[in-house]
Amino acid sequence: MTNIDENKELPIILHVDLDAFYASVEERDNPSLKGKPLIVGGRSHKGVVTTANYEARKYGVHSAMPMFMARQKCPRGIYVPGRMERYQEVSRQVFRILHRFSDVLEKVSIDEAYLDITHLGAKPHRLVKNLKEKVYTETGLTLSVGISYNKFLAKLASDWHKPAGVKEITPDMVPGILVPLPIKKVHGLGPKSCALLNNLGLSTIGDLLELSEEFLVDLLGKSGREIYQRIRGIDHRPVNTRRERKSLGIERTFSKGTRNREVLEDYLKNFSQELSRDLQDKKLHARTITLKIKDENFKVQSRGKTLFQHTNKAEEIYEVANGLFQELPLDKPLRLMGLTASNLLSEDLQQLSFFDL
Ligand code: TTP
Ligand code: MG
């Protein structure tokens with residue numbers, strides 16, 4: 001049983017994740033480090049390991065482990081502080097290569113992306129081989145790839161044969177392949193949820209498959225439904241080519257506290273204009289406007305209003321902002337005021353919905 005409509009073409013989704021990313025960049029820039037246990041971290045991250053190469057992982061060193069513990073486990077390791085800018089640069093280089101393979105690409109983190117290659121009509125394994133070769137020859141880095149028909153399964157698969165591995169999960173493997181896996185493998189179940197489930201004696205995906213959807217929703221809230229579907233291999237999330245911005249905002253701290261309404265209204269007018277320009281530059285429209293204030297005693301209050309329609313016009317933003325402002329008592333002088341636009345919609349999406357009508 002796969003719950004998949006056999007007549008519909010299945011998507012082909014790749015999840016790509018670079019191997020021991022920061023450590024691999026260090027090795028690439030200094031090949032004498034190759035083959036030795038290498039640990040990146042320490043300085044910026046309050047004394048914890050940021051990442052360790054696979055050589056060091058053999059000693060039990062892993063990300064987020066306190067540095068002193070890593071030194072105990074692997075005293076002969078080479079320890080280097082991170083060079084974030086360099087990793088960003090190499091990441092951009094890798095993403096440019098990935099983009100040549102499919103422009104339906106969603107960057108998830110500095111070393112991780114989803115690619116939808118359905119429309120290319122290519123054989124996924126051949127494409128992946130090619131992609132890995134290109135990344136290796138052009139950057140010296142290896143990566144692992146998961147191939148499947150949705151994001152959840154592709155991500156699960158990329159972790160399967162790390163490092164430098166490729167794994168495909170096909171519909172006929174589901175749910176069998178999921179049953180023995182520990183619940184922490186379910187993307188969306190964080191450490192807290194896992195602990196909650198473990199306490200109920202649930203440790204594998206197989207255990208979760210016995211539960212009703214209602215039970216999972218009761219236990220985990222809204223995400224229970226998503227989890228119920230995921231463990232059955234169902235995940236309809238599209239590969240999102242653009243990460244949506246959640247909000248845009250401006251705030252100012254005043255050198256001297258003020259409760260002069262005219263002065264504050266002037267600020268609000270300026271904020272509305274700035275916000276409007278910013279939204280228009282980014283081709284965005286907002287539906288929710290939130291006003292935030294902080295008084296002399298550092299007491300913070302915020303008020304928001306959601307409109308019937310999206311807007312990016314300064315006058316409309318100001319009208320809402322000022323309405324919110326008039327409701328505030330202003331019993332103490334203000335030290336800070338801020339205006340945020342959220343519930344955003346991009347113009348492209350708006351056009352899409354117009355076409356859909
Ligand atoms: P990951 O992809 O989780 O780890 P990795 O690439 O080092 O190893 P692998 O994928 O082969 O298991 O994270 C990518 C980079 O993000 C990693 O090199 C360092 C950084 N990172 C942190 O800064 N803190 C963390 O807790 C983790 C897990 C990663
Ligand atoms: Mg990685």
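Numbers here mean position along the shown chain, with the first residue as 1.
Even glycines carry a Cβ here, placed using N, Cα and C.
TrEMBL annotations:
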- E112: active site (ACT_SITE)
- D17, D111: Mg(2+) binding site (BINDING)
- 13-190: domain 'UmuC' (DOMAIN)
- Y22: site 'Substrate discrimination' (SITE)
From the recorded positions listed here (D17, Y22, D111), select those whose CB sits under 6 A from an atom of ligand 2. D17, D111
Quick tally, other C-beta within 10 angstroms, D111, E112; top of the recorded positions is D111
Let me know the DSSP-derived helix, strand or coil state of D111 (Mg(2+) binding site), please. coil
Looking only at the domain 'UmuC' (13-190), what is the mean pLDDT? 95
Based on DSSP, name the secondary structure state of Y22 (site 'Substrate discrimination'): helix, strand or coil. helix
